[in-house]
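Undergrad: From TrEMBL, for reference:
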- 310-479: domain 'Helicase ATP-binding' (DOMAIN)
- Cys542, Cys545, Cys582, Cys585: Zn(2+) 1 binding site (BINDING)
- Cys551, Cys554, Cys569, Cys572: Zn(2+) 2 binding site (BINDING)
Amino acid sequence: MYFIDVILPIPLKQAFTYQVNRDEAVFLKRGMRVAVPFGKSKVYTGIVYGIYNDNPPGYDTKHIDQILDEQPIVTETQLKHWEWMSAYYMCTLGEVIRAALPGAFLLESDTMVGLRKDVSKHNIDEASEENTSVSESNTIDESEFTDDEFLVYEALQHQSQLHINDIRSILDRKNVVKVLEGLIQKKVIEVQEEVHEQYTPKLKRYLQLAPPYTSEEKLKELLDSLSRAPKQREVLMNLFMLSAQTKKPVDAILLQKKSNTSAAVVKTLVEKKILEEYLIQKDRVEYTGGAVSETKQLNEAQTLALSEVKTHFETKDVVLLHGVTSSGKTEVYVRLIEEMIATGKQVLYMLPEIALTTQLISRLQNYFGETVAVYHSKYSVNERVEVWQNVLESKPKAQIVIGARSSLFLPFSNLGLIIVDEEHEPSFKQYNPSPRYHARDSAVVLGNIHNAKLVLGSATPSLESYHNSETGKYGLVRLTKRFGNVLMPDISLIDIKEKHRKKLMTGHFSDTLLEAMREAISNKEQIILFQNRRGYSPVVECTTCGVSPQCPNCDVSLTYHQYKKQLRCHYCGYHMAMLRSCMACGSETLDTKGFGTEQIETELNHLFPDKVVARMDQDTTRGKNAYGKLIERLENEEIDILVGTQMLAKGLDFRNIGLVGVMNADTLLYFPDFRAHERSFQLLQQVSGRAGRTEKRGKVLIQTYNPHHLILQQVSSNEYEAMYKQEAEERYQYKYPPYYRTIRITFKDKSYDKMDKASIWFGRALEQKLKEHVLGPETPPVGRVRNLYITNVLVKIPKQQSLAKTKGYISNVQRSFNTIKEFSTVRVSIDVDNY
Ligand code: ADP
Ligand code: ZN
Ligand code: ZN
């Protein structure tokens, strides 16, 4: 008898045992996928974890359905890393695998598949439009199908999606996973639960004279006819001059700049059909070849930083690169990458959110051409599987991988360098679902397994990483000046309490901010305004009885969104039409308190009616590519003033931002979380860092009711060190990271009572051994979300106490807890190093 242990992507236990025959046992290797039956009618795809020929487990085993791979798709190194993850973050290997493998590798009975959109369109259109060329859609060659593939393809012509179990009955057999994989590979079907946004190509605008005017004579006539439109004339003269040398269409922004005019004037000329507009595709993600440029010559500070990094690497594996915004960290990474790939090794470049980094992707592709691959969970199934295979086979075209946190699961075999950029970003921590891993910390372990070096980079390092550099665990390298003699922005605090008293506020704008905005505008500079709340005004309150409308599912007040005239819950998405009168007392005295991005936008439209105002928050960036378009408009200087939430803070490099305004810093400072001060410092510094990235010194104005708050003082004087010392002291005193580790255990239930009892039981059990290091249960700021009551127990672990033993103890308590019938509905989740 032969058996294999299989890891299934479910949170039940580490591995499940199945039977195989002798041939299968010989063929199979760890890391290959098999399709296996589970329960009464389910099928799962799992990873082979062990193969042996006696020692049957104490229960009846089923035979596997099918072997899916000829070679392992998961390597031993990956398994090692994932075992660490499962142990460290207290989850099953199956949960890690679910997070690690692209969905297309894990087909199972619940998976829904459908025809790919480009395919179905082609086929439907075929009847009506005869033989239109379908360059966009992918043409299917039905003759390449196997019989089974054809049957599935045909079924999907009639039904938009099918369950794997449906397909089993269509094909009248159990083993269908391989058939579906074939169809995925042939780009016919896709897994439907996938939400993916494809990146549309970035378009660059060019202009040229419309054909009727190209002769000198006609142009002269045209210029004469425009004698009363001097601005338009100016544009044409400039166009003529610019294209005289190149005879090519002219970059629209360049033209606008040279003519010293607005986008509106250019637009008028296009509308009058005097100019022709070209949109030339500048691919963001897919590299289409072209000249690869030399890396930049480093300046003195960068050269020094680079050599310091390398010196540290002689004795340490991790270096923290603390470089102020725009100091040229990226160029230092680029040099390290260059040297690493020359040795033939792989490089992983991690970023907090890939959608935010189109700028970086083109920068790296510019240097490294097609060796750069991009990996992201929002990519389509095929793209992800492709990158996976390329990395697995150590192909040159995936030698450098740029990705968000999930990229650390790729099958690297020869990793030499990992860069974690913006290492302080909380979005490196996955909150839900399990594994609740921190990608930066997991990358350090990954580096360890590969014997690779790591650079963590940030202008505002996390307290954890900075602490590690203080203790000597990480090397520390600094870049204290911006590249090219650009000054750090000039940051001032504005006391809006006083401004209110002196009646110097217009809506939410102080006179100082308005004045600075007018100045920036007259200098033709763009402005960014930061308001860390979306919506019109967070809370609607009745001034008669004081009641404000609440979400029925969560313990929060609903937020007013003016654009849709709705009240919305930011936790569960519940929404209703804005009320006319108070639900409690019927009075019509509803007032709005606080303010969000939308209200700022409205105020701006009144204050600056002839300027283009845009808004960047979760509501305006939901749609496909909406984010990219906003960035592009900003880059193209089609936006004068951009209002946004913290999305603005993330590593964007714009050339023409003269002023950054923070509408109200106080909401950040008083957030109930032990990291609130650190976060405020980071966010405000990062937002400020968007200002003045060219020669002219940028200006930052921060409005606040508490101008004497220590953190704001430190932000305005750029004192990271002081902030670090102060915060570290508090963390030490109150027993928080980096001095103590924390594990948060969350309890959720529909019944308040059960949630309460369960958490108390669990907390007491923990206290028996962990004593005063158990805190709570304590209700979080929002105590009910989606109809589930929530409470937390926090375990603090001092440095000298064994982490593994503590976790072992928590697991034991959880096992006993799980046997208690009364608590069977209570959902327990464990978050190690919680954020
Ligand atoms: P950071 O990553 O520290 O925010 P960047 O690497 O984005 O800084 O650099 C800021 C700006 O300075 C970018 O526009 C970049 O192109 C430019 N820059 C940085 N280093 C150099 C260099 N050595 N030569 C020319 N330009 C540079
Ligand atoms: Zn009322
Ligand atoms: Zn809600």
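Backbone N, Cα and C atoms are what each Cβ position is placed from, and that goes for glycine too.
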Undergrad: Using a 10 Å radius around its CB, how many other CB atoms surround Cys554 (Zn(2+) 2 binding site)?
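TA: Taking all protein chains shown, Cys554 (Zn(2+) 2 binding site) has 22 Cβ neighbours within 10 Å.
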Undergrad: Show, in sequence order, which residues other than Cys551, Cys554, Cys569, Cys572 on the same chain lie with their Cβ within 8 Å of the centre of the Cβ atoms of the Zn(2+) 2 site.
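TA: For the Zn(2+) 2 site the neighbour list reads Pro552, Asn553, Val556, Leu558, His570, Tyr571, Gly573, Tyr574, Val785, Arg786.
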Undergrad: Can you tell me how far the Cα of Cys585 (Zn(2+) 1 binding site) sits from the Cα of Cys569 (Zn(2+) 2 binding site), in Å?
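TA: Each residue's Cα considered, Cys585 (Zn(2+) 1 binding site) and Cys569 (Zn(2+) 2 binding site) end up 22 Å apart.
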Undergrad: Suppose we screen the binding-site residues Cys542, Cys545, Cys551, Cys582, Cys585 by Cβ distance to ligand 3 with a cut-off under 6 Å; which survive, in sequence order?
TA: Cys551
Undergrad: Which entry in the list of binding-site residues, Cys572, Cys582, has its Cβ near the fewest other Cβ atoms, using 10 Å as the limit?
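TA: So among Cys572, Cys582, the binding-site residues given, the one with the fewest Cβ atoms within 10 Å is Cys572.
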Undergrad: Nearest to Cys582 (Zn(2+) 1 binding site) by Cα, among Cys551, Cys554, Cys569, Cys572 (binding-site residues)?
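TA: If we rank Cys551, Cys554, Cys569, Cys572 by Cα distance to Cys582 (Zn(2+) 1 binding site), first place goes to Cys551.
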Undergrad: If you average per-residue pLDDT over the domain 'Helicase ATP-binding' (310-479), what number do you get?
TA: 91
Undergrad: In whole Å, note down how far the CA of Cys542 (Zn(2+) 1 binding site) lies from the CA of Cys569 (Zn(2+) 2 binding site).
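TA: That separation, Cα to Cα, works out to 18 Å.
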Undergrad: Does anything in the same chain, at least 6 positions from Cys545 (Zn(2+) 1 binding site), have a Cβ under 8 Å from its Cβ, and if so what?
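TA: Counting only residues 6 or more apart in sequence, the Cβ neighbours of Cys545 (Zn(2+) 1 binding site) under 8 Å are Cys582, Ala584, Cys585, Ser587.
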Undergrad: Measuring Cα to Cα, how many angstrom lie between Cys542 (Zn(2+) 1 binding site) and Cys551 (Zn(2+) 2 binding site)?
TA: 16
Undergrad: Please classify the secondary structure at Cys582 (Zn(2+) 1 binding site) using three-state DSSP.
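TA: It is coil.
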Undergrad: Determine the minimum-neighbour residue: among Cys551, Cys569, Cys585, listed as binding-site residues, which Cβ has the fewest other Cβ atoms within 10 angstroms?
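TA: Cys585, out of the binding-site residues Cys551, Cys569, Cys585, has the fewest neighbouring Cβ atoms within 10 Å.
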